[in-house]
Amino acid sequence: MFRSLTSAVFIICMQIIFAKDKVCEDRYSKCKSKLNCSSDLAEEFCAKTCGFCGITSFSTITVTPACEDRYDKCKTRMSCLNDLAQEFCAKTCGFCGTTPSSTVTATPVCEDFYDQCGSYMDCMDPIAKELCPKTCGFCGITSSTVAPVCEDLFGQCEDGMDCTDPVAKQLCAETCGLCETIPSSPVTPACEDKYDKCKGNVNCTSSLAKEFCAKTCGFCDSEVPSAEVRFINDSDAEYLKFVGSFASSPLIATLEMN
């Protein structure tokens, strides 16, 4: 009885010692940049980054895990050309038996992931490159330097996609607000007349002259007033046509000449 009790205590002590000596580390190389710590995968694959270290484990046997998928929607939502495929969908994408390398990137076989690509897939559809690359001729095509249109590639993004999911950016970028915007360069509008009878029919001292006759009246940086500009009074028919839309405005007083 005493010997059995002693043996049991010894085994428990050894288990605790081994558990404490186990190094807590990340098993996925891109935890900080590509995995949300609220994900179901976080504790298993990103324990150190996500703060799960310190949880006691009594396992004393190290077992080499079988080659399997770590993401339950590999067949429907993961493109095997995606950077995450080898880590999370090894079985579905045929990466079993391959060892990830820091210097060599494994190139998966280019194949279709939808068994009716030839019958029902429109190759102009944005999702064709993801599901039917072989049938639609996308094999070997590298990304263009032109920024792609940011849009959803999954028809039920608003109803069924968790935006913290690792594949959300691939399939539901627009719905999840994950589009990468490129700031556009400011465009300087051309300096021109907006009124087709500025020459000879506009008072360049009018408060509206700069807006409607900028070129004729010399408001452009490189322009000088046209020699054809003349001062007119409010009885001029063309002048009235020009200012007619402003007749009810208090600004009309600044347009009229005595």
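Keep in mind that glycine also has a Cβ here, set from the backbone N, Cα and C atoms.
Annotated signal peptide per TrEMBL: 1-19, in sequence order.
Residues or ranges marked as domain 'ShKT' by TrEMBL: 24-53 (among others). Listed as Cβ neighbours of the domain 'ShKT' (24-53) (distance under 8 Å, sequence separation of 6 or more from its ends, same chain) are residues 70-71, 84, 87-88, 100, 164-166.
The disulfide bond annotation in TrEMBL covers Cys37-Cys50 (among others). Of all Cβ atoms in the shown protein chains, 14 besides its own fall within 10 Å of the Cβ of Cys37 (disulfide bond).
For 67-96 (among others), the entry in TrEMBL reads domain 'ShKT'. Helix first, then strand, then coil: DSSP counts for the domain 'ShKT' (67-96) stand at 8 helix, 2 strand, 20 coil.
Here TrEMBL flags Cys80-Cys93 (among others) as disulfide bond.
Summarising the annotation, TrEMBL assigns domain 'ShKT' to 110-139 (among others). In the predicted model, the domain 'ShKT' (110-139) shows an average pLDDT of 81.
For Cys123 (disulfide bond), the number of other Cβ atoms no farther than 10 Å from its own Cβ, over all displayed protein chains, is 13. For Cys123-Cys136 (among others), the entry in TrEMBL reads disulfide bond.
Residues annotated as domain 'ShKT' in TrEMBL: 191-220 (among others).
According to TrEMBL, the disulfide bond annotation covers Cys204-Cys217 (among others).
Under 8 Å from some Cβ of the domain 'ShKT' (110-139) lie the Cβ atoms of residues 75, 79-81, 149, 151, 153-154, 170, all in the same chain and six or more residues away from its ends. Rounded to a whole number, the distance between the Cα atoms of Cys80 (disulfide bond) and Cys136 (disulfide bond) is 16 Å. Among the disulfide-bonded residues Cys80, Cys93, Cys123, not one has its Cα within 10 Å of the Cα of Cys37 (disulfide bond).
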